[in-house]
Amino acid sequence: MNSGAPDRQIPLAPNTRVFGHIDRQIDINRIVVPGFPVSSTGEFMRGHGTYFRNGELHASLAGSVRQVNQLINVQSIKQRYSPEVGDVIVGSITEVQDKRWKVDINSRSDGHLLLASVNLPGGELRRKTVEDELAMRDYLVEGDFISAEVQQVHHDGACFLHTRNLKYGKLGLGLAVKVPSYLIKRRKAHFHSLPCGVGVIIGCNGMIWLCEQISEDVDGGYNIDLAARVPEETLRVIARLHNCIRLLANHGIHIFETSIMFCYDLSKSHGTQELLRNDLAAELADQVIQQLRAGMEE
Amino acid sequence: MDVVRSKGQRMFLHQAIEHGIRIDGRGSFDHRPLSLEQGILRTADGSARVILGKTELFVIINAEMLEVDDSSSLEKRLNFTVKIAPQGPNAARFGPDEKRRDDEDLERDEILQLSVGIRPEQENSSVIMPPSDNVLDKLAVKYEREISEENECLVSRDIEAALDKIFNDLSELELERIAVSKNHVWSIEVELMVVKYAGNLLEAAYLGAKAALDDFVCIQPPVTHDTETGKDLIGAVQDEDALVSWKFDIEKTPLIGTSYRVGDSVFLDPNDYEEVLNPVLCWVAIDRPTSNKIADDDCCISWSALTGTGGTRDGIHREMLTTAIRSARKWDPVLRDYIKLWRQTKRDPYATVLLSFNK
């Protein structure tokens with residue numbers, strides 16, 4: 001019971017409609033909107049995101065112009081997540097079907113997780129029996145969160161996942177944060193144990209999982225103790241990280257462990273719930289961008 | 001997609017609420033940042049916009065003149081409607097669309113069977129027969145659907161009922177002035193449009209309605225009596241200086257606070273994650289206490305209500321009431337500050353307001 005803390009005044013959010021104004025130093029000339037002419041001569045080939053009109057190429061999407069030799073295409077900034085082989089995914093089970101689960105991965109269609117692609121208790125090389133098929137619900141039910149890797153993507157877009165590695169599997173006590181997927185870069189590692197003491201899984205599909213620690217479970221997360229108590233300090237850190245990730249997402253900053261840690265360290269001077277204020281968030285976002293730029297220039 | 005669906009996350013949120021260290025860093029009794037604007041839609045007679053954290057809603061008041069036979073016999077009330085935009089977090093909690101399926105409507109002869117007991121194929125209509133099985137099945141399906149719709153968490157209906165109670169029954173607004181003459185009455189429609197539902201809708205709706213009512217200006221047109229028909233007539237306003245307008249005094253509305261309970265923990269202002277845990281809601285209406293030094297317990301409660309599945313025990317109930325009173329008293333100075341701000345800034349009625357929608 002939080003009876004000791006004095007009542008805080010309800011913060012009045014300043015009347016900023018946009019998430020605060022920051023100067024990103026973006027070259028406006030490189031970004032186009034639909035209808036904008038992209039090439040003046042007719043010698044270029046039409047790529048994705050463009051169309052011909054009156055002998056000129058115009059953009060049909062809002063995005064940046066890319067040119068490869070004679071091919072011009074426009075790459076949109078905001079796109080739906082499309083899975084590629086090797087991506088780490090954090091998703092939730094939507095259906096339990098015959099020998100497979102359907103997983104919501106924030107993409108155009110659900111991913112498939114075959115029974116043959118998971119690690120069940122008893123070791124990795126265990127043969128899947130008929131009892132396993134009937135007991136699928138004992139392992140993963142609708143709504144459960146999992147971390148998995150994309151095994152293959154079919155030509156029709158169907159994506160197959162697997163958890164055949166000790167680090168993947170069912171996720172237990174923790175918090176999922178959904179951010180736009182285009183803010184997540186593909187990196188070497190997506191599982192991080194941050195120096196502040198919590199574990200984070202950055203899924204390429206835009207779902208980020210915050211938990212007490214990253215554990216490698218032989219049983220693939222089968223035996224999760226949901227009654228375990230999370231220590232107070234961890235709750236505090238996860239709350240701050242949650243606000244930091246929201247802040248990064250709202251201001252369009254790429255989310256990876258460096259940017260998260262920069263934001264976390266810079267936010268230490270403010271209370272966690274002050275990060276909910278738009279003006280403070282904009283200031284912090286500005287500082288994070290400058291620090292990232294300084295880091296890149298080194 | 002509702003982000004919070006797994007048992008692991010729910011347990012995590014429970015623990016966070018229990019410890020008073022919620023997932024956005026707030027304590028149990030902290031609110032999210034509030035943004036309250038008035039007069040944003042110049043095409044409406046009164047309007048307001050509330051953003052409480054991520055919950056966003058517009059309140060629009062329109063007044064229409066109705067001709068009636070006798071305005072003194074009518075109940076003078078404000079009419080509240082709550083509409084929820086079908087996108088945004090937690091939109092799936094608002095029940096199915098109210099489309100009536102045609103095949104469930106009963107035919108005329110089926111209604112006759114049910115009410116009077118006459119079947120169409122009967123020759124002797126004096127013999128009462130029980131309705132046929134087809135008709136009974138159809139009726140059962142219809143009732144089942146209606147019952148299941150009622151039982152679903154139709155939040156909009158709860159909010160409408162609560163606002164109706166607050167502003168019509170519990171406040172001392174001068175609703176009599178709605179009757180312009182013996183034969184004319186203003187019909188005041190308060191429409192709340194929820195753009196994003198991310199928790200704590202009742203408090204946001206209350207604040208928005210109060211702000212919009214403060215913005216709302218009602219006109220009293222000149223009335224003449226036509227002795228031939230015995231009816232009153234409304235005249236057009238010839239001279240702008242002669243325009244008589246009046247506003248509601250929103251000081252006459254009670255202070256409202258809501259508290260929520262999950263398990264054994266009571267807290268204020270759930271966000272979109274915590275809202276999925278289906279907390280039990282308790283709202284109170286209190287009269288404004290005479291001084292700030294009075295303890296929360298020492299207020300005059302004019303109304304309190306509990307909604308949501310799950311009952312409550314005596315100790316917890318008292319805690320919920322006290323917490324709700326605390327919330328109500330926290331809102332009071334905030335709203336006063338906003339009103340002072342609005343009164344000070346002169347608004348150009350023809351300024352176009354740029355409405356931008358947050359993600």
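Quick reminder: no glycine exception, Cβ is built from N, Cα and C everywhere.
Because TrEMBL annotations are produced automatically, they should be read as predictions rather than curated entries.
TrEMBL has this to say about the protein:
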type: DOMAIN; residues: A:31-67; note: domain 'Exosome complex component N-terminal'
type: DOMAIN; residues: A:80-152; note: domain 'RRP4 S1'
type: DOMAIN; residues: A:174-212; note: domain 'K Homology'
Sequence-remote partners of the domain 'Exosome complex component N-terminal' (A:31-67) [C-beta within less than 8 Å, at least six residues beyond its ends]: 73-77
Tally of residues which DSSP labels helix, strand or coil - the domain 'K Homology' (A:174-212): 3 helix, 18 strand, 18 coil
The domain 'RRP4 S1' (A:80-152): DSSP-derived helix, strand, coil residue counts: 12 helix, 29 strand, 32 coil
Residues in the domain 'Exosome complex component N-terminal' (A:31-67) grouped by DSSP into helix, strand and remaining coil: 0 helix, 20 strand, 17 coil
